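Asks: Pasting in a structure now, in structure tokens, and then I'll have a few things to ask.
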């Protein structure tokens, strides 16, 4: 790598140098993403049909500037948050759980089955049973990829991804055959779940907050405390940073890999159960909208940390709602996916900013500094 430098008058110039100690990667990633999104929003005002003032007003009123917009953001935030956590936890070990959508569908399937079989139970007993069933089946759905990874060296990327397609076919069968409603009623969906487990909202001022979102936030906070205090989480950090050193220290590396993947699958399965009881009330195709791939973006940019996942889940939910609000200006809904790609690119830029910095050096030492940077980055 040949650094780019500028030499002003006075014999000094700007030099790209590696930081002696890397900065906070998560902070630099989030900063780069936020700055980039601001630039995208401003550029969009001049790219759409209509006055820029109308564009900004519609964008604000469609998201944070109205109770309807806030309600929509909080509703969309739930799957982003839970699936973001489901991907982030294995990510700490360098593992890629790209099967979040499949685990969500299977968790929702288990919760639906429990709801129909035990429909005579009261809601206070049936609801926890559905959540437990969703989490257990979500974990079981990722068990085979976890064992294949540790026992056979099979990439978890391929195995978790392929199981997404199996889960979709599984959902199609159950939502159209045993539990199915007439397809002419709109899409692939089951009969509604019992009324006693249809969870509502908590009103805070004029804002309606999904009860399940409050539970998901509590889960994220609990995982954050757990990651700071428990020996298990400490071992996970060691295994993720240096597996060979962890093995030398006697840590059960393969067991920790399986356990973290199971926890991720359980959270994704729980997400399916929560979406079922709070949003769709039916098992079917409306449960997921490729949330797992968005969760991948969230987990990477958050560096696997709960606080970053929470913030980015809110941000991506707001982006989705904003895209819908801007349809009146001819903005394509595909813009959201293009923006996700931009976010990943900006996150990579933030990584670079965390490791390198621009400094002014004397012109005489510039050549030596150039050689040092080139050697370190080659």
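In case you wondered, yes, glycine gets a Cβ from its N, Cα and C as well.
TrEMBL labels come from automatic prediction, so no person has curated them.
Feature list, courtesy of TrEMBL:
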TRANSMEM  28-48  transmembrane segment
TRANSMEM  68-91  transmembrane segment
TRANSMEM  103-121  transmembrane segment
TRANSMEM  127-148  transmembrane segment
TRANSMEM  157-175  transmembrane segment
TRANSMEM  207-226  transmembrane segment
TRANSMEM  257-277  transmembrane segment
TRANSMEM  335-354  transmembrane segment
Asks: What stretch in 103-121, 127-148, 157-175, 335-354 has the biggest tally of Cβ pairs under 8 Å against the transmembrane segment (257-277)?
Replies: 127-148
Asks: Same-chain Cβ contacts of the transmembrane segment (28-48) under 8 Å, 6 or more residues past its ends?
Replies: 55-56, 59, 301-303, 308, 311-312, 315, 319, 326, 329-331, 339, 342-343, 346-347, 349-351, 353-354
Asks: Same chain, outside the transmembrane segment (335-354) by at least 6, Cβ under 8 Å from its Cβ: which residues?
Replies: 19, 22-25, 27-33, 35-37, 40, 293-294, 297, 300-301, 316, 319-320, 323
Asks: Go through the chain and flag residues at least 6 beyond the ends of the transmembrane segment (157-175) whose CB is under 8 A from any CB in it; none is fine as an answer.
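Replies: Beyond its ends, the transmembrane segment (157-175) has Cβ neighbours at 96-99, 101-103, 105-106, 109, 112, 141-142, 144-145, 148-149, 188-190, 282-285, 287, 292.
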